[in-house]
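According to TrEMBL:
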- Gly11, Ala12, Gly13, Lys14, Ser15, Thr16: ATP binding site (BINDING)
Amino acid sequence: MLRVALTGGIGAGKSTVAAKLSELGARVVDADALSREVVAPNTEGLAAVVSRFGPEVLDADGALDRAALATIVFDSPHARAELEAIVHPRVRARARELTDAMPDDAIVVQDIPLLAETGQAPGFHLNIDVEAPRELRLERLAERGLPREDAIRRIDAQASDAERREVCDVVLHNDGDLHELEHRVKLLWDERIVPFAENLRLGRYEPRPDKLQLVHSDPEWAHRFEHLAARIRRVMGPSAVRIDHVGSTAVPDFPAKDVIDIQVTVVALPLVDAFEDALGDAGFFGKVGQDTPKPEFPSAEEWEKRFYGYADPGNIAHIHFRSIETPGQRFALLFRDWLRDDPQARADYAHVKGVLAAKFDSTRDYTEAKESWFSTEAWPRANRWAEETHWHAPVC
Ligand SMILES: CC(C)(COP(=O)(O)OP(=O)(O)OC[C@H]1O[C@@H](n2cnc3c(N)ncnc32)[C@H](O)[C@@H]1O)[C@@H](O)C(=O)NCCC(=O)NCCS
Ligand SMILES: Nc1ncnc2c1ncn2[C@@H]1O[C@H](COP(=O)(O)OP(=O)(O)OP(=O)(O)O)[C@@H](O)[C@H]1O
């Protein structure tokens, strides 16, 4: 089951995107609809609301007077937090019931207005933020009958666009007409959501492109690392002793393949195997891996690792699980910090990559050819740099 979260500020277009995704075959769970259901007449949720806010939030028929309650809670963060404490747990319980009842190969889209505010993003394989300019949102809400000052109060009670972008993998801009929005949703569905769901169903990660492409440094790389690290941390907790962004994408302004390299340090590799199912459920699939032994450490055993990939075709990533205190675990951090610190190291490595990229068309051949530079050049020079600078693995 591919679990997708859909968020966005009020009036940004979440419901419109959700409707289009439903048309394309997604199963939509709408938090707003559930937040009405759990406080419907004769529910214990409504009783809890009345007990906290008094009968004045009921209308003549004994149903919740939503406008009256909105006036109270959008004027007081404390009152809003108390209402959320009543509604949110019930909404999440209902959402879990609904998704648990869905087929394993379903693409489930949860429309969650408060995704950023509630820290739920790492529990989803893909987080989508629908964005529209504030003024346009106010106009749309006015057309929907929400007075401007009420809409402003709600917008100001929510996370900012920047905070939503921080936790989301995709931003869907909804500043055009409906046709443009629907086109963007269809493109995302065909090019990312469906292949992502297929990879999950088959239990496979998205392979790096065989055709070698070195691209310029992308500011999104740090975001992509953070999103993946949060998902791994949610699965493994303290068993992931540290999670580091390593490799070329972790070096500012440095060319790299568009593949995020992550090192997860564990106390012992069999621990990773114990998390195999939970990692798979989160979209990470892998196998036993082996780094190339270096002269000072000839034993292949010291270079064993677990090599995982992520199933998202829009966020290709290699996860290297290594045991703490092994030469490979140390070298991944040392190599990154040497590149970050030493301009000559960056120039030499960029030159080698450029020469090899001109020579080899396939990523595999390129990677294998790079190995000799690692053993003869990078390994001795990085270790010399470590001694000269008294380098130690930075605190994570
Ligand atoms: C205050 C209530 C009764 C007002 O009802 P009303 O019908 O006017 O709004 P509705 O529920 O349809 O929400 C419309 C939009 O308001 C915004 N909104 C709703 N609740 C909140 C909140 N707690 N914080 C920030 N924005 C909110 C969202 O963008 C939502 O999509 C209602 O919003 C509510 O119960 N909110 C608390 C529960 C909640 O947090 N719901 C959000 C989804 S879980
Ligand atoms: N691109 C667009 N062009 C014109 N109207 C739009 C567009 N996108 C959304 N709308 C309209 O704007 C209003 C708000 O959109 P929508 O309900 O999808 O926002 P929302 O993010 O779900 O809001 P809420 O947070 O209140 O649920 C709706 O009436 C919708 O039909």
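Start at 1 and count along the chain as shown; that gives each residue its number.
Cβ atoms are placed via backbone N, Cα and C, with glycine included.
A TrEMBL annotation is a machine prediction, not a hand-curated record.
In sequence order, Gly8, Val17, Val130, Ala132, Arg140, Asn174 are the residues of the same chain, not among Gly11, Ala12, Gly13, Lys14, Ser15, Thr16, whose CB sits within 8 A of the CB centroid for the ATP site. For Gly11 (ATP binding site), the number of other Cβ atoms no farther than 10 Å from its own Cβ, over all displayed protein chains, is 24. Around the Cβ of Ser15 (ATP binding site), the same chain contributes Asp30, Asp32, Asp111, each under 8 angstroms and 6 or more positions distant in sequence. There are 26 other CB atoms within 10 A of the CB of Lys14 (ATP binding site), with all protein chains counted. Within the same chain, the residues at least 6 positions away from Gly13 (ATP binding site) whose Cβ sits under 8 Å from its Cβ are Val130, Ala132, Arg140, Leu172, Asn174, Leu181, listed in sequence order.
Residue with the densest Cβ environment among the binding-site residues Ala12, Thr16: Ala12, by other Cβ atoms within 10 Å.
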